Every structure is written in C-alpha cells, then in structure tokens.
Amino acid sequence: MGVVLLPPPLSMLMLVLMLLPAASASEAEHRLFQYLFEDYNEIIRPVANVSHPVIIQFEVSMSQLVKVDEVNQIMETNLWLKQIWNDYKLKWKPSDYQGVEFMRVPAEKIWKPDIVLYNNADGDFQVDDKTKALLKYTGEVTWIPPAIFKSSCKIDVTYFPFDYQNCTMKFGSWSYDKAKIDLVLIGSSMNLKDYWESGEWAIIKAPGYKHEIKYNCCEEIYQDITYSLYIRRLPLFYTINLIIPCLLISFLTVLVFYLPSDCGEKVTLCISVLLSLTVFLLVITETIPSTSLVIPLIGEYLLFTMIFVTLSIVITVFVLNVHYRTPTTHTMPTWVKAVFLNLLPRVMFMTRPTSGEGDTPKTRTFYGAELSNLNCFSRADSKSCKEGYPCQDGTCGYCHHRRVKISNFSANLTRSSSSESVNAVLSLSALSPEIKEAIQSVKYIAENMKAQNVAKEIQDDWKYVAMVIDRIFLWVFILVCILGTAGLFLQPLMARDDT
C-alpha cells in the first residue's frame, strides 16, 4: 500500500491546526499569570480579614539521613518541607482560561510563611525559595522545597556503639505568632515513604508534636512543630573492627598465665597486648564525641582491658621473681609450704609428680652390710699383708679379696648419701692411708651431691609455687574477663528494657 502525499498547502494547514490548542493554552496561562500578579504583593499576608490567621498545613518528609557527627553533635538530614495554605488573591475561574486548573509559579513571586529550623547548627535557617509552587484555581498553594539541614543534637554516647539517640527538629515561623499563622500538622509522624536507608543508623520512629510557647522576649504565643527522631546505631561495623579484636586480645592476656615461666616470653606477650590496646584506644577517640560528661561503653571496655593487661604484667613479674628463687637468696616460710604446696594444689586439682624414695631403706641396709663385711675383712686370719709382710705381686688371697670389696664399696658409695656408712669406713684402722683418703674424697662428693639435691628440691618447690600462682590467676582472669565483658555489654540491653 503506497504512501499518500498531501499537497504542500494542505500540509501547512494541518500543522497550524495542530499547534493552535498548544498556542491557545500557552496564551491562556500567560493571561492568567498577568491577571494573578498584576496587583499582587508577596509581602502582605493573604487574608481577607487582618485578624484572621493563615492556616498552614505542614509536613516533613525524610529523604536521607546523611550523617550524625558525634564529635560536633550535629545531625545532617535531607528533607522535603511540605507546606499548604490558601491565598484568596490567587483564585481564578478555569472556564475563563480554557480550563486551566493548576499553574506553577516561582516561589519568590508569592507570599510564603517564614518557616525555619530553630535548632539549626550550620548553614541557612530558611529553605531556598528557588523552587516553584503549585497553584490551584481554588487559591490553594502547595510548596514542597527540598533542603539539607544540619541540626544540633545532644548525643549520649554512654552505650556506644549500642546506643540509641533522640534528635529533635523544631520548625516554626520566625516572625509570625499564633494570631498570624496557625500551623497544622499533617499526620502524626514524619513521612518516611521516600526514605533512603542509612548504612550506620536505623530510624525507629519519628513522631511529630505541635507546641505553643510564650518566649521571654515577646508577649505573643508562638507555635512550632517538633519532630523527635529516634535512631539506633547499627553496631556491625564496630563489632567486627573493635569489639571482637578486643575480646581476642583479652583472651591473649589470659593465656599469659598459661605460658611456662621458663619460656621467657611472658612479659613480652603482656607488653605486646598492652601496645595493641593502646592503638585501639587511639582509633576510637576519633569516632566518639570529645566530652567529659560520660565515658562510652567501648571506652570503658578498653580501659577495663588495659587495667587487666597492666595487672597481668605486674603479676607476671612477681611470678617470675618467685620462679627463679634459690635457697641462697630466699628461705621458704612454713605458711608458703602449707598453702601453696599442700592446700591450694588440692583446691585447684593440681597433682605434682613425686620422686621415688622407696629404695632408700634397702640401699642403706645394703651399704651397712658392705661396711660390716669390710670390717670383718679387716680382722681376717691372713697375716701375710696384714701383719706387715706384704706379698710381692699382690696376688695373695687377702689382697685380691680386699681389692674386690673396696671396688664394690666405692661403686656403691657414690650412689649413697649416708654419712654413717662413710664414717664407719673411716673408722677402719686396718686400711692404708691411700684408701682412707679415697674414702674421704668419696664422702665429700656424696655430701656435695646431697646438698645439690636438697637445693634442687627447694628450687623445684619455688617453681611449683610460681606455677600454683599462675594457675590461680589464670582462673581469676578467665572469670573476670567473662563477667566483665558480659556485665559491660549487657548494660544497653538492660537499659532498653527499663525504658
């Protein structure tokens, strides 16, 4: 099917006919604008009777909660202020203007209520009037200007980062009292239909209230509409980046008391934990308000943990001092033995390995028998070597039996700590001076070994006392860490239940 082409004159005629309604409507709006603002004064209140107030319907719509500055205690919000009133000077008949019922005009051309934010902290108190207002043929004026407000807000950081805040926004006319402007609240709360969710704060509720206040400066009564914005901080960021690392560091503090004293790294671990906590404390000081009225919850926890670590350093130094004590420097009191070696280990379910001493009586009996045999041997009947007639090659029965006895006795004596056995040997007058000197040396070695064993036992007792002290503070710090953490972080929950 081919395309039908109209003659050029006919095409021009149809184009003119299509543009006539648009041109006619534009002409109607132009005439309407001239009619409305020919004698209009944007300074005069739009009331027929000067004693009547202008009724202003007011509503705030929250678009975005931009930021809550805890340091400067400022809340920054993006709001739409909906204001509706009736201006009797801006009425017309739609039939006179080709059915035009609505018209948008610049806001600076008409009278507007001077609604301001009373608790503004920064920036302009009034909204920008560069937006247009919507006029209806009945005289109803609707003006919804957007604005970014920075309002002052008293922020209580006691339970930071699990805190709830109540920030108020007070709107009202700055120059018109109740007799000139009557504010009417639309709805019972802030409009949150177009609210863009914040990544740090959640809005619980935002009720609005109308107040009538008489200020000291004036005799008139002024109205205001105040919105109470109840917000809750989302603690996920602070939980992951602050609280959990602090919990882990506190757990490392507990492990200090489980680390053996011989390792030599106990104090190093304590100081490393203390430095880590100091870094965390420097980090959070930039995120909380600089106020001396209250200490935030996370600050209390870090302070608690820092005291915790400091005490662990002091206790660790004391434990190391006890661990390395010797009999030459310290004498263990009786009460220390009774408490730390007998009582507390049983209470703490600690078992200490005991050294085997069951062979001591048997060994002493054996050594006594050896000495008895040696004394009997000194009174033997052989007279060749005993009576001063020594053999030439030492192969006689007396010499051979004597060498065997002395060899066996010397070998056994080195494992004995009995002074009685050695003294019995020294009393043998039949032995030669060389044998007596050897036995005297063996006696010295035995006594020295006995003294070393006693000293080692005392050192082991001091080490065990240090181990008991470590175990006591291990459980004490575990309980304090658990109870302190639970007590601190359950406070916001209990405070919320009370309210």
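Note: Cβ is positioned from N, Cα and C throughout, glycine not excepted.
The feature Na(+) binding site is assigned by Swiss-Prot to Glu265, with similarity to another entry given as support. If you take the C-beta of Glu265 (Na(+) binding site) and look for same-chain residues 6 or more apart in sequence within under 8 angstroms, you find Leu259. Mapped onto three states, the DSSP output places Glu265 (Na(+) binding site) in coil.
If you look up Swiss-Prot, you'll see Ser407 (among others) marked as phosphoserine.
Sequence annotations record features per position, and here Swiss-Prot assigns phosphoserine to Ser410 (among others) based on a large-scale study or a structure entry.
For 26-244 (among others), the entry in Swiss-Prot reads topological domain 'Extracellular'.
The feature topological domain 'Extracellular' is assigned by Swiss-Prot to 280-301 (among others), with similarity to another entry given as support. Long-range contacts of the topological domain 'Extracellular' (280-301) within its own chain (CB-CB distance under 8 A, at least 6 residues past either end) are made by residues 70-71, 73, 155-163, 238, 242-243, 245-246, 249, 485, 488-489, 491-492.
Taken from Swiss-Prot, the feature topological domain 'Extracellular' covers 488-499 (among others), and the record attributes it to similarity to another entry. Restricting the average to the topological domain 'Extracellular' (488-499) gives a pLDDT of 74.
The transmembrane segment annotation in Swiss-Prot covers 245-260 (among others), and the record cites similarity to another entry as its basis. The list of residues near the transmembrane segment (245-260) in space but at least 6 beyond its ends in sequence, with Cβ under 8 angstroms from a Cβ of it, reads 266, 269-270, 273, 276-277, 280, 301-302, 305, 308-309, 312, 315-316, 470-471, 473-474, 477-478, 481, 485.
Among the features that Swiss-Prot reports, transmembrane segment is placed at 263-279 (among others).
According to Swiss-Prot, the transmembrane segment annotation covers 302-320 (among others).
Taken from Swiss-Prot, the feature transmembrane segment applies to 469-487 (among others), supported by similarity to another entry. Within the same chain, residues 247, 250-251, 253-254, 257-258, 261, 301, 304, 308, 312, 315, 318-319, 322, 340, 344, 348, 350 sit at least 6 positions outside the transmembrane segment (469-487) and bring their C-beta atoms closer than 8 Å to a C-beta of that stretch.
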- Outside the transmembrane segment (302-320), six or more residues from its ends: residues with CB under 8 Å to it: 246, 249-250, 253, 256-257, 261, 266-267, 270-271, 273-274, 277-278, 280-281, 284, 295, 466, 469-470, 473, 477, 480-481, 484, 488
- Query: Within the topological domain 'Extracellular' (280-301), how many residues are helix, strand or coil going by DSSP?
  - Reply: 10 helix, 0 strand, 12 coil
